[in-house]
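Here is the structure we will look at.
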Amino acid sequence: MKGWKSNINGTHFVVAILMVWLSSCVLVRAQLTPDFYATTCPNLFSIVRREVKRALVNEMRIASALVRLHFHDCFVNGCDGSVLLDGNDGEKSSNANLNSARGFEVVDTIKRALESDCSGVVSCADILAIAARDTVLLSGGPRWRVPLGRRDGRVSNQTEANNRLPSPFLNIDQIIQRFKDVGLDTTDVVALSGAHTIGFARCSTFSQRLFNFSDTGVPDRNMDTEMLADLQRFCPLNGDENKMTALDRNSTDLFDNHYFQNLLNLKGLLLSDQALVSNGSVASTTKPLVENYSKDSKLFFNDFVNSMIKMGNIRVLTGTDGEIRKNCRVVN
C-alpha cells in the first residue's frame with residue numbers, strides 16, 4: 001500500500017511537471033520574437049528595406065505615412081493589419097483615416113515581393129511593423145529589432161477606429177486616456193508624439209488655432225507669432241483646407257528631437273502637440289518629458305523605441321488565431 005501511494009505521488013509530480021512544460025511552450029509560442037521568420041523567410045528584412053527605400057526615393061513624405069499606418073493599426077483591434085482592409089465600413093473610412101491615411105500601395109508592393117519569395121508566410125501586420133521601423137531608421141532615427149509573429153485579423157471596424165484613435169482636436173487628458181485604453185502610459189504619449197518630427201498636416205487639422213480659437217475671437221496665444229503669421233497666410237479663412245505644411249517646422253524630413261524644441265518655443269503645429277507643454281495641468285506629467293527629450297536625443301530615441309515595441313504588442317494575434325493574408329487588402 002505504501003509503495004502504491006508513493007507511485008501515485010510520483011505520477012502526480014510527473015503530470016505537474018508536464019503541465020508546467022506545456023504551459024511554458026504555449027507562452028513562448030504566444031510571444032513575439034525578432035527571429036520569427038529566420039528560417040521561413042530569411043530574405044524578409046532585405047526585401048522590406050529595399051521597397052521602403054524605393055518608396056522614400058519617390059516621395060520622402062511616405063515615411064511618416066508608414067509610421068502612422070502602424071500606429072493606427074495597433075490602436076484599433078490591436079496590431080492585426082486591419083487598417084489595411086478595404087471596405088466602406090472599415091478603418092480606412094474612419095474620421096482619422098479617410099482621405100488621410102496613405103502608404104497602402106507601398107505595403108501592397110512589399111507584400112507582392114514577399115509572396116514571390118516566401119508565399120503565405122509573412123503577415124501584413126508584421127509588414128507594417130517592419131516598414132515603420134525602416135522608415136524611422138532611413139529618416140535618421142534609431143534602429144531596433146522588431147518583435148515578429150503577428151497574424152492578420154479578419155475584421156476592420158470603422159466605429160471602433162472613430163472611438164479609439166487619438167485626434168488632433170482632443171485635449172491632453174483625452175489623448176492620455178486613449179493611450180491608457182490600449183495599455184500605454186504618459187511616457188508613451190510623449191515619446192510616440194515625437195514621430196511628428198517627420199510628416200505633414202492639412203490646414204484643416206490646425207486652422208482652428210489661427211483666427212478664432214475656441215470662440216475667443218483671437219488666435220491661439222500658445223503659438224509663436226512669426227509662425228502664426230506664416231500660417232495665416234498659408235491657410236487663410238475660407239482657403240483650401242487640404243493644403244499641407246510640415247509638422248516639425250524647420251526640420252521636415254529628419255527624424256530627430258527638434259520637434260520637442262519647437263514645442264518649448266510655441267511652434268507645435270497641432271493643438272494636441274502643443275498641449276504637451278502649454279496646458280497648465282501638464283507641468284508634472286508630459287512637459288518634463290518634452291524638456292528632457294529636447295535636450296537629449298539619445299533619451300528620446302531610447303524611449304521611442306521602447307514605446308514602439310510596447311505599442312506593437314497591443315492585442316496581437318499569434319499561433320493559430322487570425323490568418324496570413326495573401327493580399328493585405330482582403331481576407332483570405
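From the backbone N, Cα and C atoms, a Cβ is placed for every residue, glycine too.
A TrEMBL annotation is a machine prediction, not a hand-curated record.
The disulfide bond recorded by TrEMBL for CYS328 joins it to CYS124 [selected from CYS79, CYS118, CYS124]. Apart from ASP73, VAL76, GLY78, ASP80, SER82, GLU91, the residues listed for Ca(2+) 1, the same chain places the Cβ atoms of HIS72, CYS74, PHE75, ASN77, CYS79, GLY81, VAL83, GLY153, SER156 within 8 Å of the centroid of those Cβ atoms. Closest in space to CYS328 (disulfide bond), of the binding-site residues given as VAL76, GLY78, SER82, HIS196, is SER82, taking the CA atom of each residue. You'll find the Cα of GLU91 (Ca(2+) 1 binding site) roughly 13 Å from the Cα of ARG68 (site 'Transition state stabilizer'). In sequence order, GLY194, HIS196, ILE198, SER251, LEU254, PHE255, ASN257, HIS258, TYR259 are the residues of the same chain, not among THR197, ASP248, ASP256, whose CB sits within 8 A of the CB centroid for the Ca(2+) 2 site. The sparsest Cβ neighbourhood within 10 Å, among the listed disulfide-bonded residues (CYS74, CYS328), is found at CYS328. Note: CYS41 (disulfide bond) has non-local neighbours LEU114, ASP117, CYS118, VAL121, VAL122, i.e. same-chain residues 6+ apart with C-beta under 8 A of its own C-beta.
In terms of Cα spacing, the recorded positions CYS124, PRO166, HIS196, CYS203, ASP256 that come within 10 Å of HIS72 (active site, proton acceptor) are PRO166.
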